[in-house]
Amino acid sequence: MNIIESFKQALSSLRANKLRSVLTMIGIIMGVFSVITIVAIGNATQSYVDSEFAKIGANILIVSYKTSSLNTNDMLKSDDLKAISKSVKEIKNVGTDINRSGTIRLDNKTRNASINGISSQYKDIVPVEMAQGRMINEIDNSTRSNVVVIDEEFAKANFGNQDPIGQKLKVTLGSGSTLRLRVVGVTKIEETPFGGMIDNESRPVRLTIPMTTLQSYHPDSDQFNYIYVSVDEKDKTVLKKIADKITKTLESKHGNKDKYSIQFYSDFQDGLNTVLNVISSVLLVIAVITLIVGGIGIVNILLVSVTERIREIGVRKALGARKRDIVVQFITESIILTGISGVIGIIMGILGGFIISSLVKIPPVLNIQVIVLAFLGSIALGLLFGVYPAKRAADLDPIESLRYE
């Protein structure tokens with residue numbers, strides 16, 4: 001019997017037991033669906049993380065504290081920015097920011113606000129795309145200007161078609177001080193994961209103002225948790241030497257030891273990618289287990305099919321069918337089941353990846369190699385799990401089979 005005949009007989013047998021065939025396929029479909037979806041979402045998330053980190057760059061150093069045992073003299077302050085910039089020649093920009101909470105009142109509505117005071121060079125270290133106007137600059141900081149940069153979403157919601165540049169905002173800080181700020185810039189809104197699922201009204205309004213302006217209303221604002229440093233180097237060996245120079249500068253200025261920690265921005269990316277890879281690997285293992293369970297289901301169904309078709313097998317053998325013909329037929333049935341399941345699972349996985357990506361606002365990333373491997377894997381499962389039932393059917397004695405009731 002040739003392959004085409006075996007294929008036709010296998011299809012005929014599967015059509016005769018449609019419900020059983022469909023139920024058998026579900027395990028493989030879900031396994032392939034899980035593999036494709038998990039890989040698609042994992043790749044999309046990793047691509048998003050890499051692109052976000054690439055916007056800032058790998059050559060950023062973050063100065064913070066190594067210990068919580070600090071006194072007032074150990075705290076990072078404004079003059080540390082100048083000291084670092086002056087002592088370490090490799091530095092391109094050095095900046096910091098401070099954050100305070102408050103409220104903003106507009107059109108008889110009050111909303112929570114997150115007020116971010118930035119230093120002059122902060123914008124050069126953490127670039128922001130502007131929709132209108134400009135970002136806070138050195139003149140704003142040197143003159144302690146009452147100016148503010150808002151985001152595009154807030155501008156559209158509150159000013160509509162009016163030009164937001166030049167509009168006045170009344171902001172009340174947590175300390176009770178009131179600021180009247182003039183809008184000088186509007187930042188573009190970027191799609192962020194799960195951004196569309198959060199009610200905009202419940203989010204604090206993000207306001208960016210000169211750091212010196214915020215410090216004049218908050219006397220305790222001259223102490224920072226972080227200082228951000230950018231350099232032109234990307235080589236980690238060189239970055240470590242620069243980090244050592246910064247540490248020595250701070251320790252010399254503050255007269256202390258082992259109080260400061262310097263991390264590379266790229267380390268955060270590596271750490272996050274490692275976590276994402278671990279999560280994806282665990283989910284992938286679960287998906288593979290689902291595939292194996294589906295394969296075991298195919299073995300069980302084919303064994304039941306062998307039992308039900310003992311007389312048919314006996315008749316075929318009596319008419320001259322060889323063991324090989326019986327094996328080919330049952331393995332073909334198994335491969336057809338897993339092959340169709342694989343195709344359905346791939347289609348569902350691709351659709352699932354696109355749907356989830358659209359919900360969490362991450363561009364989908366499809367891996368053609370994984371899709372091909374998933375299909376070939378489902379075929380391989382059919383071959384692997386079809387061997388035992390096929391061999392058992394082929395080993396049946398034709399005389400005993402014909403006597404079977």
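The backbone N, Cα and C atoms fix where each Cβ goes, glycine too.
What TrEMBL says about this protein:
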- 21-236: domain 'MacB-like periplasmic core' (DOMAIN)
- 285-397: domain 'ABC3 transporter permease C-terminal' (DOMAIN)
- 21-42: transmembrane segment (TRANSMEM)
- 282-306: transmembrane segment (TRANSMEM)
- 327-356: transmembrane segment (TRANSMEM)
- 368-388: transmembrane segment (TRANSMEM)
Determine the mean pLDDT over the domain 'ABC3 transporter permease C-terminal' (285-397), rounding to the nearest whole number.
83
Helix, strand and coil totals (DSSP H, G, I; E, B; other) for the domain 'ABC3 transporter permease C-terminal' (285-397)
98 helix, 0 strand, 15 coil
Report, as numbers and ranges, which residues of the same chain sit near the transmembrane segment (327-356): CB under 8 Å and 6 or more residues beyond its ends.
1, 3, 6-7, 9-11, 13-14, 21, 24-37, 40-41, 44, 294-295, 298, 302, 305-306, 364, 366, 371, 374-375, 377-379, 381-383, 385-387, 389-391, 393-394
For the transmembrane segment (282-306), sequence-distant contacts whose Cβ falls under 8 Å of one of its Cβ atoms, 6 or more beyond its ends:
13, 17, 20, 24, 26-32, 34-35, 38-39, 42, 313, 330, 333-334, 337-338, 341, 377-378, 381-382, 384-386, 388-390, 392-393, 396
